[in-house]
Amino acid sequence: MTHYKRPGSRLRRPFILGLTGSIGMGKSTAATMFEREGVPVFDADAEVHRLQGPGGALVAAIEARFPGTTGPRGVDRQELGRRVLGNRHELAALEAIVHPAVGRAQKKFLARHRARDVVVLDIPLLFEKGGWHRVGAVAVVTAPMWIQRKRVLRRPGMTNAKFKAIRGLQVPDRVKRARADFLIETGRPKSETHRQIRRIASCFHAQ
Ligand SMILES: CC(C)(COP(=O)(O)OP(=O)(O)OC[C@H]1O[C@@H](n2cnc3c(N)ncnc32)[C@H](O)[C@@H]1O)[C@@H](O)C(=O)NCCC(=O)NCCS
Ligand SMILES: Nc1ncnc2c1ncn2[C@@H]1O[C@H](COP(=O)(O)OP(=O)(O)OP(=O)(O)O)[C@@H](O)[C@H]1O
């Protein structure tokens, strides 16, 4: 694999690699592997958890718009999920509260790591929300659908209906794969996935 060079951007740092994939495809696991290769990772989902967790900055705004979905432990995500997943209008209202705050945290992350060669933005909705136009390249985490389904359905609180609703909100895996600069396959042993990630990370280190 050759080194990846963004045209005309030798002095622009860091190179931003977007990491995305549909539910259960293995994004979080892949993100941890990038970290092990020394690449800083911004985890958008973890940021949402922080903002919605105990004492989180968005708990009050979410309670105001979705009464009864928060408590001493922050947002009750099961309950909030029941209200918004499958209801585009309600989901858009939640996104309008959450996404700007995540965007601010992402900006701070990029500023903190501006001296690095490469950073990863782990963003579940990279294709759905247009973020892929703002990154240098995109790595898509993918696995056969039967493996995705098996992984997701064994999560506590997950039902067939919820899985269907979430899949309906996401750009299909085959479209994501077609748009990817790099594919990370997770339907295979983790050691092989890690090897793919090591090769991708090596494309971006000091040129
Ligand atoms: C709806 C919420 C409360 C459900 O929480 P829960 O813990 O039950 O599910 P979880 O967060 O693990 O999401 C399950 C799957 O749904 C996907 N998903 C979550 N939000 C969205 C969305 N706005 N659009 C499409 N898919 C979504 C996730 O990527 C994941 O694949 C939570 O996902 C949320 O607050 N979503 C809004 C913020 C958001 O857009 N987050 C995702 C990107 S950072
Ligand atoms: N080769 C592999 N690479 C990555 N994950 C794997 C692999 N083999 C098995 N898995 C398992 O698949 C699951 C993937 O879950 P993970 O939380 O990483 O997915 P995700 O894409 O972040 O999910 P979500 O979009 O729902 O947040 C984990 O339980 C992980 O251990």
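Along the chain as shown, the residues are counted starting at 1.
Cβ atoms are placed via backbone N, Cα and C, with glycine included.
Taken from TrEMBL, the feature ATP binding site covers G24, M25, G26, K27, S28, T29.
Everything TrEMBL records as a feature, shown here on the structure.
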{"residue": "G24", "record": "ATP binding site", "Cβ contacts under 8 Å, 6 or more apart": "A143, Q148, R149, R151, V152, R155"}
{"residue": "M25", "record": "ATP binding site", "Cβ contacts under 8 Å, 6 or more apart": "V141, T142, A143, Q148, D173, T186"}
{"residue": "G26", "record": "ATP binding site", "Cβ contacts under 8 Å, 6 or more apart": "V141, A143, I184, T186, T193"}
{"residue": "K27", "record": "ATP binding site", "Cβ contacts under 8 Å, 6 or more apart": "L19, T20, G21, D45, D122, P124, V141"}
{"residue": "S28", "record": "ATP binding site", "Cβ contacts under 8 Å, 6 or more apart": "D43, D45, D122"}
{"residue": "T29", "record": "ATP binding site", "Cβ contacts under 8 Å, 6 or more apart": "T186, K190, T193"}
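Look at S28 (ATP binding site): DSSP puts it in a helix. The ATP site is set by G24, M25, G26, K27, S28, T29; from the centre of their CB atoms, other residues of the chain with a CB within 8 Å are G21, A30, V141, R151, T186.
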